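> For reference, TrEMBL lists these features for the protein:
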- 21-42: transmembrane segment (TRANSMEM)
- 62-83: transmembrane segment (TRANSMEM)
- 95-113: transmembrane segment (TRANSMEM)
- 133-150: transmembrane segment (TRANSMEM)
- 228-248: transmembrane segment (TRANSMEM)
- 281-303: transmembrane segment (TRANSMEM)
- 364-387: transmembrane segment (TRANSMEM)
- 407-434: transmembrane segment (TRANSMEM)
- 446-466: transmembrane segment (TRANSMEM)
- 478-499: transmembrane segment (TRANSMEM)
Amino acid sequence: MAVDMELDGGGDGKGKAPPQISLSGLFLACMVAGGVQYGWALQLSLLTPYVQTLGIPHALTSVMWLCGPIAGLIVQPCVGLYSDKCTSSLGRRRPFILTGCIIICISVIVIGFSSDIGYALGDATEDCKGPRYHAAAAFILGFWLLDFSNNTVQGPARALMADLSGRHGPSAANAIFCSWMALGNILGYSSGSTNDWHKSWNCIACGRRWFPFLMTRACCEACANLKAAFLVAVVFLGLSTAVTMVFAREVALDPVAAAKRNEGEASGPLAVFKGMKNLPIGMPSVLIVTGLTWLSWFPFILFDTDWMGREIYHGRPDGSPAEVTAFQEGVRQGAFGLLLNSIVLGISSFLIEPMCRRLGARAVWVMSSAVVCVAMAAVSVLSAWSLGDFGGSVQDAARAPAEEGGVRASALALFVFLGLPFAVLCSVPFAVTAQLAASRGGGQGLCTGVLNISIVVPQMAIALGAGPWDELFGEGNIPAFAMASVFAAAAAAAGVVLLPKVSVRSVSMAGGH
């Protein structure tokens, strides 16, 4: 069903349209997506392996990731709702973006300096080995704060792009937004794929370190590398936030008109769940398929670099020096694989709309789930191939030399192969949601926030179950990937049956990421 209604844009509450923005201005207004994604890429590539060096066992690392789903379940729908109604002079979306980015910077600093914080609180270890529970507590605090602030930014940033798209169309805004996210991924995964990042802070000519606080008694070379990368993330996020605040010129919502429109409506978190009763037609089906899709993706997102370090390079974060070296090399190669994945993602983001025009959004979504089904099965097979005749626990296999050649090349190829379906995951569900919201005259923030619930609930299930599930089979990642393949097949089947048909023109109107 093609719709000619205006989106619920950043007007003044009296039907006034937001100011027109040039294509270059729209590109700069999207820059905050790159800054946030830079830090998110570092988080995905480095933090699951790093936290194990602080004494948290592999089986519990997935539980640590509960913060993201919980934050998404609580924060993003509420922030989306409040941003729809915000009457700040800065506009509806920018106050939330600015606040969230400031908290992201604080949380990233806490994570980077967690070892030093732990040492100051009483951790006795000075050689970066053995359990450091104060450091782990500081790390988890920063990690949770980071995910809560990320969710504060994401919903309003996506809604802002739909608001500002104007004559360029939300599809153009979506492509630019995805491009910034791909660039952030490329920069972040590039940082995660090297162990020499902190050395760039040295003064080679004078033979002294410019910033001596990077390496300390409690923070050795690997820790200092993480710290340096996250400090650069703070600088880049600050720059990108400033650019977005300058170029994303919103028209403030008129307080009187907003009060009349919202009179009698529920407020607070309860309003989100009351709003779910009035979702657009077809939205419940989108939520179901989105949930199944994320059940198939989150095991890979959570364990990809850890998988490379354990199953492909046969290392371990708490083993002998040789095993630790092998594990860290696998993590770096996994980050390099994510870098290649992001390049494919960036290129593919410009192919999604033509594919949807030719095949339809539903067909593209279903085919991407089928591709993920095959890929996750291939990950499991590749892991079994890598382990070869070792048998038993992955930790036993970790003591044997890693196979060279075909296994590692195939693992990197899988990262590349998953770039296209990940581009679909990052665009089509949000585009369909934006179209359904437009069909009832607005509510982009609320609909995007509700969609996020169908993303975070599967993440909670995986975060709670993946670690113990894998531990039953020798503390590796193979069982979670095998189950992901099953969920991807279910997502493809559900998509064929449940997803609404969205016309070619409707897809081109859809916005968000």
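Each residue, glycine too, has its Cβ placed from N, Cα and C.
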> What stretch of 21-42, 407-434, 446-466 shows the most Cβ pairs under 8 Å to the transmembrane segment (62-83)?
446-466
> For the transmembrane segment (133-150), which partner among 95-113, 407-434, 446-466, 478-499 gives the most CB pairs under 8 Å?
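Looking at each of 95-113, 407-434, 446-466, 478-499 in turn, the most contacts to the transmembrane segment (133-150) are made by 95-113.
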> Report the listed stretch (21-42, 228-248, 281-303, 446-466, 478-499) having the maximum count of Cβ pairs within less than 8 Å of the transmembrane segment (407-434).
281-303
> Which stretch, 21-42, 228-248, 364-387, 446-466, tops the Cβ pairs under 8 Å count with the transmembrane segment (281-303)?
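Between the candidates 21-42, 228-248, 364-387, 446-466, the best contact partner of the transmembrane segment (281-303) is 446-466.
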> Counting Cβ pairs closer than 8 Å, which of 95-113, 228-248, 364-387, 478-499 has the most of them with the transmembrane segment (21-42)?
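Maximum Cβ contact count belongs to 228-248.
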